[in-house]
Each structure stands twice: as structure tokens, then as C-alpha cells.
Amino acid sequence: MSKVKIIIADDQKIICEGLAVMLNQQSDLEVIATANSGEDVINKTIESKPDVILMDIRMPGIGGIRAAKILKEKYPDIKIIMLTTFSQNDYILKALKNGASGYLLKDTDVHQLVDAIYQSLKGQILIPESIQPLLMKQLETSGENDSRSSFETVLDALKERNVRLTDTETNILKRLLNGYSNQEIADSMYLSIGTVKNYVSKVYRKLGVSGRPEAILLLKSL
């Protein structure tokens, strides 16, 4: 089995070197290059064609968010995991909307980091539990003023992807986008909480996502 090829991009050399040492100790992972700027990671990606890029959000020149957008447009199959600190929440949603597979805090331990790499290769969006409530609030409130036509646009985009929802699933989806909890959905639709959970799981399966943050992010990117 071939190794997972990784590029690490961070303007702090010590972080690149530290991550490279940890990851190269894994038998099926290989750090093939490091980069210290957005331009550098773009050039090295063109040269090396990695499977995964670990990239700092803020770097000199072309920042991580812009670099992620450029790279995903050129290489849509590459997984990009943003590296950040807890204080950089304003950048996280922008990074996800520009193609990042998720983000990790820079103090993530090696086991979580390795697991995140594998999860990204499976198509999962990575959002640490410690920051999910804040990100969910950002995602939900960003759509509070959306009109009905905006939701219809989402439904049209889903149909183009051959995603077919029942009327009940559609109503639940709309409530998810408006930030309703499962209990609030149950109360507003006169359904049991168990029934709502079953419907929500069906909606996730049809969307090809594993949870609410990933679902909302996908829908707001359509």
C-alpha cells in the first residue's frame, strides 16, 4: 500500500519540522515537502502532487485561505487541513468555504492529527468539538436573513446532484438551516424526538455528510 503524501505549510519553521518528525514516524504517512508561504505551498503542490496539505491559515504573501481556494480549484481531490489557534475563529468559516476539509488547533496531539488525516481522506469535514458550538452559531446566523428563494436555490442545487428529499425531509432540512435543535424541530412539526432523529439521519445520508456542521457548511456553499 502506498504512503499518504503530505505537505506541511507554515511560516514557522519549527512547526513544520516538528510535525514532519511526528508524521514520518507513521509507517503509512510521508511528509514529502514543507513550505513557508502561500506561494511556496502552491509551487510545491504542483511539483509533488500530495494527498493531504496541512496549512497555516495566516502566512506571508498569499495566505492559507487564498492558497486553499487556488489549490482546490486546480486539484479538487487534494485534502487541505488548516492549522490554527483558538483565537482565529473568524478565519475558520472562510477557510471551509474555500475548500478546506477542516481545521486543527496547533496543539493537537499526534494521534488526533493522524486520525484527522485519515478522516479527511474519507471526505469528512474536521471540526474540533471545543469550537463546534461557536462555528455552528456562525453558520446558522449567517443565514438568518435568507429569503425563501434562497432555500429554493439550495433545493434546486440538490436536485442537480440527484439528491431527492421527501416533503418531511425538506421541512426538516429548512429547520436545520435555520438553527433549530432536534427538539425544536420535533415541537414545530408535531413529531417525536426519535422520529426527528431518524429523519435527520436520513437527510445526512442523502447529503453524504456525517453531522450537522458538515451539512450546514455544504448547504451554505451551494
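Every residue, even glycine, has its Cβ placed from backbone N, Cα and C.
The structure displayed is predicted, hence computed values, not measured ones.
If you average pLDDT over the domain 'Response regulatory' (5-121) in this model, you get 90. Here TrEMBL flags 5-121 as domain 'Response regulatory'.
According to TrEMBL, the feature domain 'HTH luxR-type' maps to 158-222. Secondary structure of the domain 'HTH luxR-type' (158-222) per DSSP, as helix, strand and coil residue counts: 46 helix, 0 strand, 19 coil.
According to its DSSP assignment, Asp56 (4-aspartylphosphate) is in a strand. Sequence annotations record features per position, and here TrEMBL assigns 4-aspartylphosphate to Asp56.
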DSSP tally for the domain 'Response regulatory' (5-121), helix/strand/coil in that order, comes to 58 helix, 27 strand, 32 coil
